[in-house]
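Annotated in TrEMBL:
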TRANSMEM  20-40  transmembrane segment
TRANSMEM  117-137  transmembrane segment
TRANSMEM  149-167  transmembrane segment
TRANSMEM  173-191  transmembrane segment
TRANSMEM  198-221  transmembrane segment
TRANSMEM  262-284  transmembrane segment
TRANSMEM  346-365  transmembrane segment
TRANSMEM  371-390  transmembrane segment
TRANSMEM  402-418  transmembrane segment
Amino acid sequence: MRNYFSIFRSNAYFFSHFRLPLLLLLLYSITTTIFALIAGPARLEEHTNSNHYALLAEAWLQGRQDLPEGPPYYTFNNDFASYKGKTYISFPPFPAMLMLPFVKIAGDAESFKDGQLIIWLAGLSTPLLFLVLEKLSTMGHSLRSQKENIFLCLLFAFGTVFFFTAVQGTVWFAAHVVSILLGAAYILCSLGAQRPFLAGLFLACGWMTRPTMLLTAPLFLVEAMRASTLPLSASVSSSDTPEKTKSFLSIPWNQIQIKKLVAVYFSFSIPLLFSFVVCGWMNYTRFGTLSPFAFGHEYLNVLWRTRIEQWGLFSYHYLAKNLGVMLSSLPWIPARSSSSSPPFQINEHGLALWFTTPFYLWILWPRTRSPLYVTVLFCACLCIGMDLLYQNTGWRQFGYRFSNDYALLLLILLAIGGQPFGFLFRLAAIWSIGWNLFGALTFNRGGKWDAYYYRERTQSILYQPD
């Protein structure tokens, strides 16, 4: 009997100390298994037909930045930059850095299964997001239970456009997957400004994946100010009340320890400055510009290159079109005379964000608006604004994939906003999972599923013709 109870106690000790790692492993296993099953052999057993990052890694291994033989035949010359007679990969470089050792081991880009790597990486999204949500709860920013945090993690994985994004593996979607992981790691290190160098490192790698991520820097900057303040009793005189010394972000300016704040900012900025130098050098040697942000997308061999030359990569000119896709793009119902058509069609500009993910609407009615809520909302608005001014709607896509750039921020707003997850919210969650499952199963699959998507290669048709 004594031996029996000693075993029971040892098991209790094991589960109490390893509960978190086991839970993270379970989240990863569930997410990755579902992603892998839906991705199928085409993604797991072969390289994708848009393996630009692997091709860039292979070029680096050859001591080059261009592709000397031009785009491989299987890519159909899709989204390659042409400048002074040379072919370049114009996507930000960090995912290629990530793939570099794997391409080296495989021998060349075509022997490396880039889509498979993205599937394994995509599974990390839920455990990383769970750590962020749990830290918010531990710090008192969120009142969500652990079960609610798990629910939000799974809802992110399977109820947002990240679902169809994760199972594609191609260059455009791979960038979103990598940036989600880096974004979660950045937020985790930024809360409380506890890991300034790592926060800067993850942000540097993040913007070298999706430049939009650089606009989340205010999160760390504000958190560092909060973390660098003295206790109230140490610095507020009898004539200075807290109300007089606090801003709308609840930061008492006269209590900030300037030396500490400067040290934190310096540590945070080192990786960012290094990334600017690396990308500036890379762009200068390719395109003759020192700008770290000029990766060469204006030199893409695409039908709408004239549009880019006329209006630029970012312009107010694109705002109305992008707003139309983000807010009003709905499934097309075929005309009565089209008896052989599928029950609906999706324009490959993608479905509206509120249609694929209606539970995001709950963000509009938070129960509480803490200073952190204001900061996160501000960062999300910056990212939304940048994407809406971009020359591309995200085409081709099932849903508005650019929302991946700020999806983590929206999930955090749901966590700290205190909205109850009542019947209507759960109904919206079920709707979201259903539609995004359809997108993951059907988008870019060919065969009978192509009939469900309307593809028009000039990108000029947003709404169903009469």
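Cβ atoms are placed via backbone N, Cα and C, with glycine included.
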(message) Same chain only, please: residues at least 6 beyond the ends of the transmembrane segment (20-40) with a C-beta under 8 Å from a C-beta of the stretch. Say none if there are none.
(response) 115, 119-120, 122-127, 130-131, 150, 153-154, 157-158, 166-167, 169, 440-441
(request) Answer yes if the transmembrane segment (117-137) and the transmembrane segment (371-390) have at least three CB pairs under 8 Å among residue pairs 6 or more apart in sequence, and no otherwise. (result) no
(message) For the transmembrane segment (149-167), I need the partner stretch with the highest count of C-beta pairs below 8 angstroms, choosing only from 173-191, 346-365, 402-418.
(response) 402-418
(message) If you count every Cβ pair below 8 Å, which range out of 173-191, 198-221, 371-390, 402-418 shares the most with the transmembrane segment (346-365)?
(response) 402-418
